[in-house]
Amino acid sequence: DLTPTHISWQPSLNARAHRTDRYANTELTVRRGQGFTITLYFNRPRQAGESLAFITEIGPAPSESHRTKAVFNLSEVGASGWSAVQVPSEAGSMNFTISSPANAVIGRYNLTLQVTSGNKIFSRFLGQFVLLFNPWCPGDDVYVATENERQEYVLNENGIIFVGNARYIEARGWYYGQVSQEEFSWALTLPPVAFALSPAIDVSRRGDPKYVGRVISSMINGNDNDNGVLLGKWQGSFHSHENPSRWDGSVVILQKWRQDNYRPVQYGQCWVFAGVMCTVLRCLGIPTRLVSNFNSAHDVDRNLSIDKYYDSSGKSLNIGKDSTWDYHVWNESWFLRPDLGGSYSGWQVLDATPQEQSKGLFQCGPASVVAIKEGDVDLDYDTLFVYSEVNADCNRWIVYSDGTKKRVYCDTEIIGRSISTKAIGSNSRVDITYNYKYPEGSAEERRVYKKALAKIFGSSFTEGRRESPSEAIRNPGIAGRFKLAEPPLFGKDINLILILNNLSVDHKTVKVDMSASTILYTRRTVAEILKATTSVDLGSRQGKNIRIKIPYSYYGKYLTTDKRIQVTALCEVMHMNGAKLLVEKTIILEDANIIIKIPRRIVVNKAATLEISYANPLPEPVDRCVLLVTLMNQQVKIRLAPLAARERSKIYFEFTPRRTGPLQLQVDFSCDKFSHVKGFVTLAVAPA
């Protein structure tokens with residue numbers, strides 16, 4: 001019998017051609033819709049009358065009807081779209097180029113050679129290879145037209161996550177590491193239980209990026225899945241597990257998940273879920289990026305309206321199911337939507353953060369960004385939920401001591417601000433708000449909002465629903481805003497000014513109830529730290545300033561790692577039938593910067609030294625100081641001497657980069673009084 005004795009997968013040649021040369025796995029890894037070459041050595045030369053065919057199989061019970069099995073003869077394109085051709089080779093061996101269709105199922109395949117000689121057919125198992133999505137192939141649903149986009153959204157392992165709030169946006173580094181062994185192993189073994197499908201049917205659908213994306217959005221979180229990667233937690237203590245702010249990348253999370261026998265890692269929050277999901281999707285070849293939505297709504301009852309409640313002194317109350325987060329991070333992936341029609345192709349929202357169940361599971365998307373912008377909230381999947389996140393109304397209510405509620409304000413513009421993503425090829429921020437909605441207050445935006453309401457409740461419901469932008473329910477005839485007198489630095493007193501203006505010629509007496517509380521980035525109150533009442537007389541069109549001071553001693557012990565304080569002023573115009581104005585501001589306290597100084601030139605395989613400067617901004621000493629320095633998931637923990645009040649210190653850190661190109665180095669500083677102050681720098685490593 002003609003028998004193969006040895007196979008060469010041509011790993012270097014194929015990996016370069018398929019842009020998988022940085023993957024850490026040892027198996028041949030190629031992309032669909034593109035040929036790869038193997039070399040077979042036989043026990044003797046092939047004789048006349050002997051024909052060759054190949055068989056590819058994937059998953060349990062592979063079948064041609066499910067497109068999980070293909071049998072194709074040499075030099076013929078089979079009905080499955082798979083083909084094999086013989087190409088020139090050296091004496092004693094045979095080279096074959098095997099090609100898959102651009103819509104093939106992705107995952108780990110078995111490859112078998114079938115030899116036919118007369119009436120005799122026998123098969124020899126050759127080995128396994130891995131097939132991925134191919135954004136370089138025009139026939140693939142995930143095809144991206146430009147090389148710089150493919151490099152950024154598929155191959156770039158270094159990410160930027162934008163956090164903070166709409167007025168103070170910060171950049172945080174994240175290492176995706178999508179080519180590491182941990183990500184690769186996990187991405188290829190997605191369990192089918194997420195959709196209660198048979199394993200065979202589940203595998204047969206893994207050629208569809210929208211199905212794969214939806215499954216992964218469910219599997220990243222462990223809130224309704226015992227084998228999910230991460231558990232979410234947004235309040236309470238993290239002492240017994242990992243504070244979500246501790247994470248700087250995906251690889252260490254997936255390593256811990258595997259080491260703990262696939263029990264969910266504790267804990268994650270939105271940017272962590274998004275970072276891990278981006279890693280897995282890029283690993284599989286689906287172009288993906290992170291998106292931050294500032295003033296992000298969570299509309300539980302799905303009526304395109306967020307209700308926020310305050311007591312009669314202006315303190316924010318933790319009642320009601322709706323919420324508005326300072327920011328929320330999700331993923332966008334790029335692929336076609338033939339199920340919706342060509343106009344809805346392109347970027348699709350996928351969100352692994354467990355906020356609301358969709359069809360019985362914590363999963364979200366893919367929702368077409370075009371559908372969101374156009375108000376087509378009835379389209380699959382979860383378009384209504386994402387539309388509310390970027391374009392809901394925000395109603396503010398006063399809750400009186402007898403339990404009655406009064407709506408005092410409706411803001412139609414506050415939700416969905418400064419929607420941001422990382423620029424291609426740099427760490428800059430790109431504002432993509434216009435991708436999600438028309439300009440607030442424009443005729444187009446109002447038309448789309450009414451269209452979305454009509455799709456939910458019917459056309460008759462929309463009449464009179466949306467007021468003019470930022471219209472007060474009862475105009476109190478005054479305007480107000482908070483202004484910081486100086487930058488709000490962590491460890492120092494906060495000085496701000498409430499500016500009130502009389503908008504009419506009538507004299508007004510205004511009672512002002514002020515409240516300040518430490519909050520989470522989800523705007524949930526942690527502790528009230530200040531409460532005060534005053535009154536001010538405003539003459540005809542007069543403006544006055546009220547100065548407010550929040551000492552460090554008031555807020556220091558109540559801050560979380562979010563370092564946020566919310567200040568409110570409920571301004572009641574006396575003798576005007578209870579007309580009220582609510583003024584609100586969220587303050588993010590600025591950390592003492594970590595300063596990283598790098599050499600002018602860094603060369604691969606050559607030691608380099610960095611200077612890392614860190615500080616204690618507090619008016620008191622700190623102890624148990626620790627610096628974590630991370631480069632490509634390699635982490636060094638450095639225990640440091642205590643720092644005196646307001647002291648800054650520095651260390652010198654030596655490292656040797658083992659590959660060329662951009663590398664992200666991350667620094668995390670913690671002590672006994674605060675934790676997880678972040679800094680990062682992107683290093684350009686030159687060839688030797």
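For all residues, glycine too, the Cβ spot is worked out from N, Cα and C.
Among the features that TrEMBL reports, domain 'Transglutaminase-like' is placed at 262-354.
For Cys270 (active site), the same-chain residues 6+ apart in sequence whose C-beta sits under 8 angstroms from its C-beta are Trp325, Tyr327, His328, Val329, Trp330, Thr353. Residues or ranges marked as active site by TrEMBL: Cys270 (among others).
Here TrEMBL flags His328 (among others) as active site.
The Cβ neighbour count for Asp351 (active site), using a 10 Å radius over every protein chain in view, is 31. Positions annotated as active site by TrEMBL: Asp351 (among others).
According to TrEMBL, the Ca(2+) binding site annotation covers Asn391, Asp393, Glu440, Glu445.
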Message = Using other CB atoms within 10 angstroms as the count, which residue among the binding-site residues Asp393, Glu440, Glu445 scores least?
response = Glu440
Query = For Asn391 (Ca(2+) binding site) and Asp351 (active site), what Cα-Cα distance in Å is obtained after rounding to a whole number?
reply = 17
Query = Hey, for the Ca(2+) site built from Asn391, Asp393, Glu440, Glu445, who else sits with CB inside 8 A of the CB center?
reply = Ala392, Thr412, Glu413, Ile415, Gly416, Lys437, Gly441, Arg446, Tyr449
Task = Across the whole of the domain 'Transglutaminase-like' (262-354), what does the mean pLDDT come to? Round it, please.
result = 94
Key: Cα-to-Cα gap, Asp393 (Ca(2+) binding site) vs Asp351 (active site), nearest whole Å   = 22
Query = How many whole Å apart are the CA atoms of Asp351 (active site) and Glu445 (Ca(2+) binding site)?
reply = 24
